[in-house]
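Chemist: Encoded as structure tokens, here's the structure I'll be asking about.
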Amino acid sequence: MSAAAAETDVSLRRRSNSLNGNHTNGVAIDGTLDNNNRRVGDTNTHMDISAKKTDNGYANGVGGGGWRSKASFTTWTARDIVYVVRYHWIPCMFAAGLLFFMGVEYTLQMIPARSEPFDLGFVVTRSLNRVLASSPDLNTVLAALNTVFVGMQTTYIVWTWLVEGRARATIAALFMFTCRGILGYSTQLPLPQDFLGSGVDFPVGNVSFFLFFSGHVAGSMIASLDMRRMQRLRLAMVFDILNVLQSIRLLGTRGHYTIDLAVGVGAGILFDSLAGKYEEMMSKRHLGTGFSLISKDSLVN
């Protein structure tokens, strides 16, 4: 490092944080003072140190840059650990789940290539499958009711755009069904044994369909999330209950694997979020008019 390199003192200070009541692991750079004697550029930090910054990086850095300091875990105390377990028990549960399923995964016997997939949802709904198999009329009625629910989802999602002028749910559904088509065609899962089809089920007419992932569940999630956004909480609760009943029926009729339904929930949340980001991005491009799928000129005319 050249002796003529310019050096700048950068001080890092310790600040309290609500995570553990003591400190955080971030880095704070104390900048200059503004007109009100407030520091500019402060962020949370863990320790009080001073480093030299030169033209080639930080003098205290390792490997051409970065900070040479104590590892974060070396400052942990028993009080910190108790705090995390007490107030952040959800991540702790997931950590325990990670360890548990690592043991399950590495000791579980793989399903033979010519065997039917194991599905825990099918095991739980075995009795429902037998009831529906022995009562075709009941199966038809439940399929018809499920189709009505799909119609309710579709109507609501289209309504939010055509009538209320809010396109987020519609965009999310377009994203979701396009992605579902790509994934469903890319990996075409075998139809489960004991599948109970119906001519009134959606898609109507006993036509073929993609198993992965469930568009029924994802569409319901998109509608429910929009309802919550608009404070239609009771309607959202009704949709969530119907979505659970729909999932039980789909497992009972072997219309979807459990993983199809679980990913359907995640897909609904994901594509609703992506649609929101799309709206935000387009709004920034059109700062004067905001986001709209329809030209503002057409609304005036």
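Including glycine, each Cβ sits where the backbone N, Cα and C put it.
These came from Swiss-Prot, pasted as-is:
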ACT_SITE  H216  active site
ACT_SITE  H256  active site
ACT_SITE  D260  active site
REGION    1-39  region 'Disordered'
TRANSMEM  88-108  transmembrane segment
TRANSMEM  141-161  transmembrane segment
TRANSMEM  171-191  transmembrane segment
TRANSMEM  202-222  transmembrane segment
TRANSMEM  255-275  transmembrane segment
Chemist: Does the chain bring the transmembrane segment (141-161) near the transmembrane segment (255-275), so that three or more CB pairs sit under 8 Å (pairs 6 or more apart in sequence)?
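Modeler: No, the stretches stay apart by this measure.
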Chemist: Using Cα coordinates, what distance in whole Å links D260 (active site) and H216 (active site)?
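Modeler: Between the Cα atoms of D260 (active site) and H216 (active site), the distance comes to 10 Å.
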Chemist: What does DSSP assign D260 (active site), in three states?
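Modeler: Where D260 (active site) sits, the three-state DSSP reduction gives helix.
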Chemist: Near H216 (active site), which residues of its chain come within a Cβ-Cβ distance under 8 Å, counting only those 6 or more away in sequence?
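Modeler: Listed in sequence order: N146, V150, F202, Q246, L250, H256, G264.
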Chemist: Which number gives the other C-beta atoms within 10 angstroms of the C-beta of H256 (active site), all protein chains shown included?
Modeler: 30
Chemist: Please report the number of other Cβ atoms within 10 Å of the Cβ of D260 (active site).
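Modeler: The Cβ of D260 (active site) has 27 Cβ neighbours within 10 Å.
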Chemist: In which DSSP state, out of helix, strand and coil, do we find H216 (active site)?
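Modeler: Going by the DSSP assignment, H216 (active site) falls within a helical segment, counted as helix.
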